[in-house]
Amino acid sequence: MKEIQQTKRKSNTNLEKSEVVHLNGLEYFDPFLERNLEHPTTDCETLTHLLKASLGTGILAMPQAFQCSGLMTGIFATIFVSAVCTFCSYSLVKCAHVLYKRTKVTAMSYADVAEVAFANGPEWAKKFSSLTRQTVLWLLFITYFGTCSVYTVIIATNFRQVYMFHVDTSLNLRCFIGMLLIPLVLLSFVPNLKYLAPVSMVANLLMAAGLGITFYYLLCDVPNINERPLVTQSIDRFPTFFCITVFAMEAIGVVMPLENNMKTPKNFLGFFGVLNTGMGGVTVVYILLGFLGYLKYGEETQSSITLNLPTNEIPAQLAKICIALAVFCTYGLQFFVCLEIAWTKIQESFEKVTNFHNYILRTVMVTFSVLIAIAVPTIGPFIGLIGAFCFSLLGIIAPVVIEFATFSDNVTVWMTVRNVVLIVVGILALVFGTASSITEILVMYAPEVPQIVTAFNGTAAQ
């Protein structure tokens, strides 16, 4: 996930490449033939990584999303959100492929694509190229740092439920979050992602086991579909649905690293390409869990579906523990994205930095993520806030603006109309979703705020 990519590749003088150096007397550059990877991934391996990145902990909140939309509306709205997220990811990779040939490089990160698109775009965009890069980097940092805090809350909440069942002593959720500080700091001390690979494999197995048990409970004693509303009864809850679903589905941060490591990058795109195939499968799983979860528990649906499972039954306890451990293991992967961005900035700003400073940075960052979780120990509104503020900018608005800059000399009417609609959708999600999530957090942890607002409104009315 490093933002400074190696653009110089080892030269290869095989016949296949030498034959395409010149085409009809013109210089020809194929970035995919020039790409030289030590361990390239196949289409199947890339698809597996994409599924793993998309089927994260956000899936646990999908029943609550359906609670905000209704059963039938939730199905079509989830398909719409999936189509928007997939198209924007597709557009980002398509722009990257064009920029590869323009700049004669073989790989770019998300921030590279944004900067190069503006630097090679129209005159008005060139002066914003550096700012665009920094904006993408900081949004990625905020997104994944916030996700680390959400993970901390999910881990603590599941462990607390099991603990409360077996032990009579009552402990506040914030205490459980605080107890996770040292284990998370030790996890962050893993030197690099190579050593996290076995941990990631264990996380996948634990998550699969937890979700399997969860589906078992959802399919037992299923209520009649007529007992649940097909359409939301309150339109003001729909922004919450949109924000949770965007958080759950969005994988914009991993599409470029996945494409950069493919053996056949062209297969990432296309109607039946890796991206469309993976997101299609993800959409089906999200709809199933969201639909069945809300159908099963109705208005009692919790922010994480595992919290609805009966704690007095052994399989349900195992599901909670498995998912909590899986999220704990996954914390390290999310944390490394933030660490790479922050550490690169420090290395650029200070000359004499050592590994000792690196581990101090790791400790400080983990401590701050835990403190944020202690301050706001809630899952649903926290997820909604990240989805609304970060993913609406990173996953919807930014790719559209990058496409405008990349194809500035060939903008069609259809592209303009389509992208303007997407920007409007992104802005609406940003404004209303952020406002809705912040309001939920204030109402939940500052009960006096609504009273103050009501009193103020009453005074103004008089």
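Each residue, glycine too, has its Cβ placed from N, Cα and C.
In TrEMBL, annotation is done automatically, which means it is predicted and not curated.
Summarising the annotation, TrEMBL assigns domain 'Amino acid transporter transmembrane' to 44-438. For 71-93, 136-159, 171-190, 195-218, 238-256, 268-294, 314-339, 359-376, 382-407, 419-446, the entry in TrEMBL reads transmembrane segment.
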Please check if the transmembrane segment (136-159) comes into contact with the transmembrane segment (359-376), where contact means 3 or more CB pairs closer than 8 Å and the residues in each pair are separated by 6 or more positions.
yes
In the same chain, residues at least 6 away from the ends of the transmembrane segment (268-294) whose Cβ sits under 8 Å of its Cβ atoms read 43, 46-47, 50-51, 54-55, 59, 62-67, 71, 74-75, 78-79, 82, 85-86, 89-90, 93-94, 97, 211, 214-215, 218-219, 222, 228, 245, 248-249, 255, 258-259, 262, 301, 305, 308
Most Cβ pairs under 8 Å to the transmembrane segment (382-407), of 71-93, 238-256, 359-376, goes to 238-256
Field: Stretch contact, the transmembrane segment (195-218) with the transmembrane segment (359-376), Cβ-Cβ under 8 Å, 3+ pairs
entry: no
Of the listed stretches 71-93, 171-190, 238-256, 359-376, the one with the highest count of C-beta pairs below 8 angstroms to the transmembrane segment (314-339) is 171-190
Listed stretches 171-190, 238-256, 359-376 vs the transmembrane segment (71-93), most Cβ pairs under 8 Å: range 238-256
